[in-house]
Amino acid sequence: MAKSVPAIFLDRDGTINVDHGYVHEIDNFEFIDGVIDAMRELKKMGFALVVVTNQSGIARGKFTEAQFETLTEWMDWSLADRDVDLDGIYYCPHHPQGSVEEFRQVCDCRKPHPGMFLSARDYLHIDMAASYMVGDKLEDMQAAAAASVGTKVLVRTGKPITPEAENAADWVLNSLADLPQAIKKQQKPA
């Protein structure tokens, strides 16, 4: 049996990149300051990096799945060029009220459901209790809780923080950029 590894689960829009709303083109994709360095440091610390992102714009007809895949490939290569290798990218193209029939459905992968997390856990042998979820919305925290992710981290770089999201989170940080230091501080012996 493969040894399980801890992971950092990462929402995309508002966590890795600035959320300009239905981001689907390279020209509109802007990495948030400090996140690439943080991701590199988290890899050095022994974490797998796994993106888990709702992409309802596909179901809503705002952009195609092919456009999303092109942008995702570009993001993955951009990170790899900066010595950040993602271990997995999981996305949900569905929405119950989508205008594109193929993707109009209730599914178990759309956050707050844990489907993407559980798929990653099984495929990558992730130790969920030792893992972290980083996101900017309540649904990110709820999905992480449903998947038994050990630490739920809410960041201020995306949507405005709601009291519900703050209550569902274990930690609230200004940015993903602050996570490596926060983990190191927590792991220091008292």
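Keep in mind that glycine also has a Cβ here, set from the backbone N, Cα and C atoms.
The annotation Mg(2+) binding site is assigned in Swiss-Prot to Asp11, Asp13, Asp136, Lys137 on the grounds of similarity to another entry. Here Swiss-Prot flags Asp11, Arg12, Asp13, Asp19, His20, Gly21, Tyr22, Thr53, Asn54, Gln55, Ser56, Arg110, Lys111, Lys137 as substrate binding site. Summarising the annotation, Swiss-Prot assigns active site, proton donor to Asp13 and lists similarity to another entry as the type of evidence. What Swiss-Prot records for Thr53, Lys111 is site 'Stabilizes the phosphoryl group', and it gives similarity to another entry as the kind of evidence. Residues or ranges marked as Zn(2+) binding site by Swiss-Prot on the basis of similarity to another entry: Cys92, His94, Cys107, Cys109. For Arg110, the entry in Swiss-Prot reads site 'Contributes to substrate recognition', with the evidence type similarity to another entry.
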Sparsest-packed among the recorded positions, when each Cβ's other Cβ atoms within 10 Å are tallied, from Thr53, Asn54, Ser56: Ser56
In three-state DSSP terms, the structure that Asp11 (Mg(2+) binding site) belongs to: coil
For His94 (Zn(2+) binding site), the number of other Cβ atoms found within 10 Å of its own Cβ: 22
Candidates His20, Tyr22, His94, Asp136, Lys137, namely the binding-site residues, that fall within 10 Å of Thr53 (site 'Stabilizes the phosphoryl group') by Cα distance: none
Closest of His20, Tyr22, Asn54, Lys111 to His94 (Zn(2+) binding site), Cα positions, binding-site residues only: Asn54
Alpha-carbon distance [Asn54 (substrate binding site); Cys107 (Zn(2+) binding site)] in Å: 11
Cβ neighbour count within 10 Å of Asp136 (Mg(2+) binding site): 25
Chain-internal residues near Asp13 (Mg(2+) binding site), provided their CB is under 8 angstroms and they sit 6+ positions away: Asp19, Val23, Thr53, Asp136, Gly158
Proximal residue to Arg110 (site 'Contributes to substrate recognition') among binding-site residues Asp11, His20, Asn54, Lys137 (C-alpha distance): Asn54
Thr53 (site 'Stabilizes the phosphoryl group') - helix vs strand vs coil (DSSP): strand
Secondary-structure category, per DSSP, in which Cys92 (Zn(2+) binding site) falls: strand
Sparsest-packed of the listed recorded positions (His20, Arg110, Lys111) - C-beta count within 10 angstroms: His20
